[in-house]
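Pulled from Swiss-Prot, these are the features on record:
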type	residues	note
TRANSMEM	21-41	transmembrane segment
TOPO_DOM	42-393	topological domain 'Lumenal'
REGION	60-79	region 'Disordered'
CARBOHYD	Asn95	N-linked glycosylation site
CARBOHYD	Asn151	N-linked glycosylation site
BINDING	His214, His218, His224	Zn(2+) binding site
ACT_SITE	Glu215	active site
CARBOHYD	Asn235	N-linked glycosylation site
DOMAIN	258-292	domain 'ShKT'
DOMAIN	298-383	domain 'Ig-like C2-type'
CARBOHYD	Asn319	N-linked glycosylation site
Amino acid sequence: MGRGACVPSAASGAGDRARQLGAVLGALCLFPALVLLAWPGTPANGAGARVAQGDAAPQTSGVLASGSLGPPHPPVPRRRRYTLTPARLRWEHFNLTYKILSFPRNLLSPSETRRGLAAAFRMWSDVSPFSFREVAPEQPSDLRIGFYPVNHTDCLVSPLHHCFDGPTGELAHAFFPPHGGIHFDDSEYWVLGRTRYSWKKGVWLTDLVHVAAHEIGHALGLMHSQHGRALMHLNATLRGWKALSQDELWGLHRLYGCLDRLFVCASWARRGFCDTRRRLMKRLCPSSCDFCYEFPFPTVAATPPPPRTKTKLVPEGRNVTFRCGQKILHKKGKVYWYKDQEPLEFSYPGYLALGEAHLSIIANAINEGTYTCVVRRRQRVLSTYSWRIRVRS
């Protein structure tokens, strides 16, 4: 992909601008399954190999202890995210095409790569109205897949699309609809089979099907799931869950609807049949849809913006950075960021870059809204700042 795939260009035409509006939304990353394989009696407190945490906490680094017989220790599980994107980004059609722009240089042949990706796509097409078809690289497609080195596409010039980090770090990232980009780190050792540590090669062998299925979920509009056994869980590779769970189905159906055979279940649920006609709903409505299920999104205490909110009218495509009072941070306060009262916990490449005391976004119609930073020390609010962003066409 050429430059500008993630960040709108001021010189783009009207058609490109509409496409780039969706392209600016971020990729989510999947990290390696650093499964602990310690021998009996081996201490479990050795330092792990470098694990990049590109969309979460600061990076950790270290080297394997000289006396250790186990591979790198697993990263500490991190906090969970919403299941759907903030703007509920989705595809407007179900017959999606994909093309493979480059293949891995380690271990897998092109034919094996195609077979692994096709298996990952089948995991989603078997439980959804989507169908996926590969097309030639020179043809237009909805999804574009590639195996890339550290410096790929526009990662060096884009503040919101990060580069890869080499082996045993970030495995892949995918962009929300309608961008369609799915990038795999070509420094990894991809295989068809379970993720495992190779003592002979001294590297991790990573299951392509597992990682690809996770990234396809992001490309369809799903974020990380809260369910511990979901394929879309933040640490799915670490935990080893490979099958799609009911949680992914509910997330997918919230975005695209669930096509029940009689096309009546949704209206029955609205009429109260979940309480008054439970047997009827159970007998005629697909259990995978579960129209009576209320998805348990995480909730946080509402944080209204301060009385004085700065309004900024920004040209479309401009990079906007908010800074949350450096002086107040010296009082050992912790910064919390919100958009329209929803918490922002992680950076999303191509969407926003989140630092301790600053937040950067690309101005576009979807990123319009009110951004608030709250500095707290324990339960006490030390300071608040708020900005309202409006895009000038």
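Even glycines carry a Cβ here, placed using N, Cα and C.
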Those glycosylation sites listed as Asn95, Asn151, Asn235, Asn319, and which of them has the most Cβ atoms within 10 Å of its own Cβ: Asn235
Winner by Cβ contact number (other Cβ atoms within 10 Å) across the recorded positions His214, Glu215, His218: His214
CB contacts for His224 (Zn(2+) binding site) [other CB atoms within 10 A, all chains]: 25
Where Asn319 (N-linked glycosylation site) sits in the secondary structure, as DSSP reduces it to three classes: strand
Across the domain 'Ig-like C2-type' (298-383), average pLDDT on the 0 to 100 scale: 74
Candidate recorded positions Glu215, His218, His224, Asn235, pick with smallest Cα gap to Asn151 (N-linked glycosylation site): Glu215
Spatial separation of Asn235 (N-linked glycosylation site) from His214 (Zn(2+) binding site) - C-alpha basis, Å: 10
Between His218 (Zn(2+) binding site) and Asn235 (N-linked glycosylation site): CA-CA distance (Å): 14
Whole-number Å value for how far Glu215 (active site) lies from His224 (Zn(2+) binding site) (Cα to Cα): 10
Cα distance (Å, whole number) from Asn95 (N-linked glycosylation site) to Asn319 (N-linked glycosylation site): 34
